[in-house]
Amino acid sequence: MVLNDLLGRKLSIMFSAVPSAAGYALMAGAHGFWMLLLGRTMTGFAGGLTAACIPVYVSEIAPPGVRGALGATPQLMAVFGSLSLYALGLLLPWRWLAVAGEGPVLVMTLLLSFMPNSPRFLLSRGRDSEALRALAWLRGADTDIRWEFSQIQDNVQRQSTRVSWAEARSPHVYRPIVIALLMRFLQQLTGITPILVYLQPIFESTAVLLPPKDDAAIVGAVRLFSVLIAALTMDLAGRKVLLFVSATIMFAANLTLGLYVHLGPKPPTPNSTVELESVPLGGTEQPLAAPTSYLTLVPLVATMLFIMGYAMGWGPITWLLMSEILPLQARGVASGLCVLVSWLTAFALTKSFLLVVNAFGLQVPFFFFAAICLVNLLFTGCCVPETKGRSLEQIESFFRTGRRSFLH
């Protein structure tokens, strides 16, 4: 939240390379468990920086017509990176996998050094001539940028450099911030993080027997395909349509998983529900009996549908909308706050997942996630504006004036 406005979006992303490179180096040369923990903490810190800065930077430099596709690109590349690491993990020991993590960090820093700063950030700091050159570089030498530059300049001049408490109480400032925060909160409450974290034990407790490497590969491939769909259709269908489709698919998938666990065949274990905490993520100590019917494919298909639904809507679009609707004067701080809320929710949900499963059964979390997906449908219809094809200045003007014509 601090660096986004202090250094700017581009330099904050480049700064994240320092803890990221140091963290991977610590893990690669670890001589004790504490070095692994410290290295992982530093890469997590770098991940938090990029999570808050990259969506804002991309939305501020992208033309309105392709901002949806470009806004989905960070998620697309993150999933592609995970899938690449799954493949490398089959070939390399973990120390060399940490060394391989240094590669993207160096490439990112090198390529970003050729990129300009965000024109909106430069204008907010009074660097008008530099902002004009940056916009000209981004749009191309043959593009007439005068109208776009004047729109950005007028919007910046109407605002103070930093949002004050008095301004924060204005509806045009707090409404988009509240919408962005609630979207990040509801995104995590759909259950994506605990389902991905405990995917292998969930499969084992529902008699879906997959080797961990196959599990990871299938999940990665489904996420990559789904985010690619979102990137290609976001600027055509619009954000809200994909959010509706995404929440509907996730609702059906979670409801199916809950009903299957509650009513379907139970694995042949002494207890009807497996305590997930006691099941290693890499596999059970005593393997379950092989599935006896095609009915046991239901949890596998439903889980893949859930991941697909998430990755084509509520996954990438919440990141994009966060960077689109937040007012410029509060965009740096508010985007950091959104990421903070998102990961705190994910942490709390993942820690409480095991407690709920062991106390009430595996079906209860799935029913809860399904109910949240219904809330997401209502929230999208009532509160989320359609931003397809609109400039960031037009979006900000909508929250300032409340013109309903903006939505059509």
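Quick reminder: no glycine exception, Cβ is built from N, Cα and C everywhere.
Averaged over the domain 'Major facilitator superfamily (MFS) profile' (1-388), the predicted model has a pLDDT of 83. According to TrEMBL, the domain 'Major facilitator superfamily (MFS) profile' annotation covers 1-388.
Summarising the annotation, TrEMBL assigns transmembrane segment to 12-36 (among others). Away from its own ends, the transmembrane segment (12-36) comes close to residues 3-4, 42-47, 49-50, 52-54, 57, 95-96, 98-99, 101-102, 105-106, 108-109, 112-113 of its chain (Cβ-Cβ under 8 Å, at least six residues beyond either end).
Sequence-remote contacts of a segment are chain residues at least 6 beyond its ends whose Cβ falls under 8 Å from one of its Cβ atoms, and for the transmembrane segment (42-58) they are 1, 3-4, 9-10, 12-13, 15-20, 22-24, 26-27, 67, 70-71, 73-74, 101, 118, 319-320, 322-323, 326, 331-332, 335-336, 338-339, 343. Summarising the annotation, TrEMBL assigns transmembrane segment to 42-58 (among others).
Taking Cβ pairs closer than 8 Å, the transmembrane segment (70-88) reaches residues 54-55, 58-59, 62, 97, 100-101, 104, 213, 216-217, 220-221, 223-224, 227-228, 230-231, 234, 311, 315-317, 319-320, 323-324 in its own chain, all 6 or more past its ends. Among the features that TrEMBL reports, transmembrane segment is placed at 70-88 (among others).
Tertiary neighbourhood of the transmembrane segment (177-196): same-chain residues 202, 219, 247, 250, 254, 303, 306-307, 310, 314-315, 318, 321-322, 325-327, 330, 334-335, 337-339, 341-342, 345-346, 349-350, 353, 365-366, 368-369, 372-373, 375-376, 379, 383-384, selected by CB-CB distance under 8 Å and a gap of 6+ residues from either end. The transmembrane segment feature in TrEMBL is assigned to 177-196 (among others).
Taken from TrEMBL, the feature transmembrane segment covers 216-234 (among others).
The transmembrane segment feature in TrEMBL is assigned to 241-263 (among others). Only residues 6 or more beyond the boundaries of the transmembrane segment (241-263), in the same chain, are considered here, and those with a CB under 8 A from a CB of the stretch are 190-191, 205-206, 230, 233-234, 273, 298-299, 302-303, 305-306, 308-310, 312-315, 317, 361-364, 366-367, 369-370, 373-374, 376-377, 380-381, 384.
Residues or ranges marked as transmembrane segment by TrEMBL: 297-321 (among others).
Marked as transmembrane segment by TrEMBL: 333-360 (among others).
Annotated transmembrane segment per TrEMBL: 366-384 (among others), in sequence order. Under 8 Å from some Cβ of the transmembrane segment (366-384) lie the Cβ atoms of residues 179, 182-183, 186, 189-191, 195, 239-240, 243-244, 247-248, 250-251, 254-255, 257-258, 261, 314, 321, all in the same chain and six or more residues away from its ends.
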Mind checking which residues of the chain, 6+ beyond the ends of the transmembrane segment (333-360), have their Cβ under 8 Å from one of its Cβ atoms?
1-2, 4-5, 48, 51-53, 55-56, 163, 177, 180-181, 184-185, 187-189, 191, 193-194, 197-198, 273, 275-277, 322-323, 326-327
